[in-house]
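K.L.:
Please find one structure pasted underneath; my questions will follow.
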Amino acid sequence: MLPYQDKVGAFYKDNARANSTKLSLVTEGHGGRRPPYLLFVLLILLVGILALLAITGVRFHQVSTSNMEFSRLLKEDMEKSEAVHHQVIDVLTPLFKIIGDEIGLRLPQKLNEIKQFILQKTNFFNPNREFDFRDLHWCINPPSTVKVNFTNYCESIGIRKAIASAANPILLSALSGGRGDIFPPHRCSGATTSVGKVFPLSVSLSMSLISRTSEVINMLTAISDGVYGKTYLLVPDDIEREFDTREIRVFEIGFIKRWLNDMPLLQTTNYMVLPKNSKAKVCTIAVGELTLASLCVEESTVLLYHDSSGSQDGILVVTLGIFWATPMDHIEEVIPVAHPSMKKIHITNHRGFIKDSIATWMVPALASEKQEEQKGCLESACQRKTYPMCNQASWEPFGGRQLPSYGRLTLPLDASVDLQLNISFTYGPVILNGDGMDYYESPLLNSGWLTIPPKDGTISGLINKAGRGDQFTVLPHVLTFAPRESSGNCYLPIQTSQIRDRDVLIESNIVVLPTQSIRYVIATYDISRSDHAIVYYVYDPIRTISYTHPFRLTTKGRPDFLRIECFVWDDNLWCHQFYRFEADIANSTTSVENLVRIRFSCNR
C-alpha cells in the first residue's frame, strides 16, 4: 500500500494541479498590468464623490441662508407683534376709555347744555326782565321786546373778536407748555438737583427805562395765559427833563413769546402813561382775556361813606388792551358801591385776575358786622396766651383793636354796562399782615387762591380758597391752623416767634402756579452766604415736598422791595423778579429787573 505522500503525488500527476506552480507564476506576471477600463471607473468614482461633496456644500449654504432669512422674518414678526401690543395697551385702551368717557359722560352733558342753550334763546323772544346779550348777531336785528344798551357795544364786541383772532396764534405757542409739571417724578430713586439761570429782559419797556438811568419803583407784575401786565412808578432823571413831574405812573401789557431756544420773551405791545396830578400813587393790577385792569388811589386807606355825611373819594380805573389804540384803553374815576357795614378798605400791592370779563382783587376791609365774631375767635384762642399774636395791641392795617376782614373788589369790564366797582366782604382766617393780598386763578370753578405774604420772618404767609361767585367765602387751605381752645370757624396763621431771622432781609409775595394741583413759590433776600442771594422756595403741599435754589448776586445792599411773578414754560419754572436795594458801597438806590429759570431734575 502506498504511503500518503505517494498517493497525493500520484493524484496530482494526473491533474492540472501538477502544473499549479507554473500557473501561479503566469498569473502574477499578468497582474502587474491593470486594464485601462479600471482606471476609467476609478476616475468616474472620484468625480462622483467630488460632485456629491459640492452638492452637499451648496445645499448646506442654502439651508444656512434660509435659516438666517427665517430668523430675520421671525424677528420682524415679533417686533410687529410687540408694536401691535403697544398700540393696543398704550394707545387704543386709553383711547377707548376716552371715547367711553366722551360718550357716557360728556356727550349727555353737552346735549343738556345744548338743550339749555336752545331753551334760553327761545325764552329771549318773550322776556320778562331786562336782558344783557353778548352775541354779535343781536346787534344786527334785536327783538323789539329786548332792551340792551347798544352804546358802542356792537363796535366793541367786533373789535374784541378781531383782537382775539389776531392774538390766538401767539397765545397757542406760548400755552403749549404752560401747564406741565415742574417737579421730577414722584418716585425719584436718586438725588434731586436744580439748575438756575438769569436772563435779561431785552425788549421790555421797563428795562429800556431802567437802562436810561431812570429809576423804577414799586413794580407790580401779573402773568396769565401767555399775557403779562405791569404797572410801576417811573422817576425820571433830573438831567433829561422829559417829564413835568417827579413820578410817572406807567402801565404796560404784552405777549410772552417764544424766542431763541424756545425761551420766553416778554414783548411789550401796548402801554399807557397817566397824566400828572392823577390819583395813581398806589395801584393794583389784574390781567386776563387780553386786557389789563388797575385800580389806583392816592392814599392806601379808602374811607367808605354811605350817606351825605362825607364826600366819597373816587377810585381811578385804568383798562388797557393788548394792542394799541383800542376801546379797551380807558381811564375813568368811579365811586365804589359797598355794603353799609363796611367802613374802610386798604389798597396796596394787589395782584388779581380777569375772568368772564370781570376783574377781581382781594383787599383788607374793615366791617363792623364781623368784628364781634373775629374778636370771639381771638378771645377763645388766647385763653392760655400761648400764641404770640395774643399780645398784640394793634392790628394791621387799620390800627388799634380793629380786626380786618376780607374784602373783594369786582369790576365788570363788559362794554354793555357802565363801569362800577362793587365791594363785598366776608370773615376768614385772622389777618396778621395787612400789606398786600394777591388773588390767583384756580382750575376749580368759581374760586381762586388768595395769598397773604409773610412778614419780618416771624409771620408766615397763608393761602386761602376764596370764592368768585355770588357767595363770597374765604376758607383756609395752607399755612393756617385751628387753635384747640376755639370752636367753630376760627383759624389763625402760623406765627413762628417774635425773633426775626437776621439773615433774611426781606421776603417776597407768595405766588401760586397755574398747575392742576396747587404749587406755590416764595423768594427771600438772604445774606447768610458770602455773597448775597435771592433764594427761591418751591412747595408742593399735597406731596409735602419742597425745593430751594439760590441765585447769587454780584452786588450787596439793603433791599426795600422784592416782588416776583412765576409761570411754567416747557416744564421749567420761570419767574419775573424785581427788587430794589440800597448799595453798601455807592450809597445809591438801584432797581433790578430780570427773568430767572429753575430746572429740577432727578439723578437716577
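Glycine is no exception: its Cβ is also placed from the backbone N, Cα and C atoms.
Dumping what Swiss-Prot says about this protein:
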{"type": "TOPO_DOM", "residues": "1-37", "note": "topological domain 'Intravirion'"}
{"type": "TRANSMEM", "residues": "38-58", "note": "transmembrane segment"}
{"type": "TOPO_DOM", "residues": "59-604", "note": "topological domain 'Virion surface'"}
{"type": "CARBOHYD", "residues": "N149", "note": "N-linked glycosylation site"}
{"type": "CARBOHYD", "residues": "N422", "note": "N-linked glycosylation site"}
{"type": "CARBOHYD", "residues": "N587", "note": "N-linked glycosylation site"}
K.L.:
Measuring CB to CB from N422 (N-linked glycosylation site), give everything in the same chain under 8 Å that is also at least six residues away in sequence.
P.N.:
P336, V337, A338, L409, T410, L411
K.L.:
Name the residues of the same chain, 6+ apart in sequence, whose Cβ is under 8 Å from the Cβ of N587 (N-linked glycosylation site)?
P.N.:
none
K.L.:
Is N587 (N-linked glycosylation site) helix, strand or coil when read with DSSP?
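P.N.:
In three-state terms, N587 (N-linked glycosylation site) counts as coil.
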